[in-house]
Amino acid sequence: MQIITGKAKIAAVLGWPIEHSRSPLLHNFWLQRHLIDGAYIPLAVKAEDFNTVIQSIKAAGFKGCNVTIPHKEAAYQCCDVVDETARKMRSVNTLWFADDGKICGTSTDGDGFVANLKDTGLTLTNKKILILGAGGAARSVAYSLIQENAQISITNRTLQRAEQLVQDLGAGQIIKWQSWAKELGQFDLLINTTSLGMEGKEDFQFDLQHARADLVVTDIVYVPRMTPLLIAAQQKGLKTIEGLGMLLHQARLGFSKWFGVDPSVDHELTEFVANSLKK
Ligand code: ATR
């Protein structure tokens, strides 16, 4: 049973809409596991109310919060202290209120993604990696992979966005969207960061015929858990890594900042969150 007293540590996730967020489930699972006097709550916050709500929860003694769509850029702007990752992303997803009153923030998406890959035993140094997509998710993933000394290539439906991303990162090759499937044979890892294959979106056939037998395939989409890309890869006998682990790993830093315990990502947690996605 979760224990919440008058001394409870409180954190939140701010988004609009927020009903679909799995973060409350996940953080409250950890709070119960570690018998922590605390709570993590969802707050539906419109873009125009973001700064007021941040100041209010800070004044109310919250330890910090996560932010999701559409607040990641506004959250970056409201921070007094950010790290190098946040500066590169110009966005944050994790905020904590320091004892001196300063608002601190970072972006944990990319590191969460990398931690999920490493959890499966994958090494990234010098690996040739193809990233599908050039949106916010691709930016976080690409930045963290570069920190791991991986060699990244980016392909995107809108070429200009891929060019901008490579320029901002100061690294990476560009592959034309029309030709990535034919070029697949040169890569060790394929990552989908687009919304292709997401539940409720149009169907898309991923062409993996030119993949090498040792290609590893991963998707940051986790609803459905087995995406069209992962199914196509498994049908070819390729190793796959599901996207749910990124969600779980990106949450760890915030939890440890607010509640003082570094929580682990394990089978029990993964199945608990995965089961909630079916409902
Ligand atoms: P996020 O921040 O989650 O990455 P985003 O910035 O909207 O979201 O990016 C979505 C990504 O999915 C982009 O790379 C987008 O390609 P465009 O830049 O060309 O829009 C990609 N995407 C979405 N729908 C797509 C589709 N039908 N075909 C190909 N790429 C698609």
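In case you wondered, yes, glycine gets a Cβ from its N, Cα and C as well.
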- Given that TrEMBL lists S21, R22, S23, N93, D109, Y222, Q250 as binding shikimate, which residue among T52, T68, T194 does it place in the same site? T68
- Message: Taking ligand 1 as the reference and 6 angstroms as the Cβ limit (strictly under), which binding-site residues among E84, N93, D109, A134 are close?
- Response: A134
- Query: CA-CA, which of the recorded positions R22, T68, K72 lies nearest E84 (NADP(+) binding site)?
  - Reply: K72
- Query: If you count other Cβ atoms within 10 Å of each one's Cβ, which of the recorded positions R22, K72 has the most?
  - Reply: K72
- Task: Return the residue, from the listed binding-site residues S23, T68, Q160, with the maximum count of other C-beta atoms within 10 angstroms of its C-beta.
- Result: S23
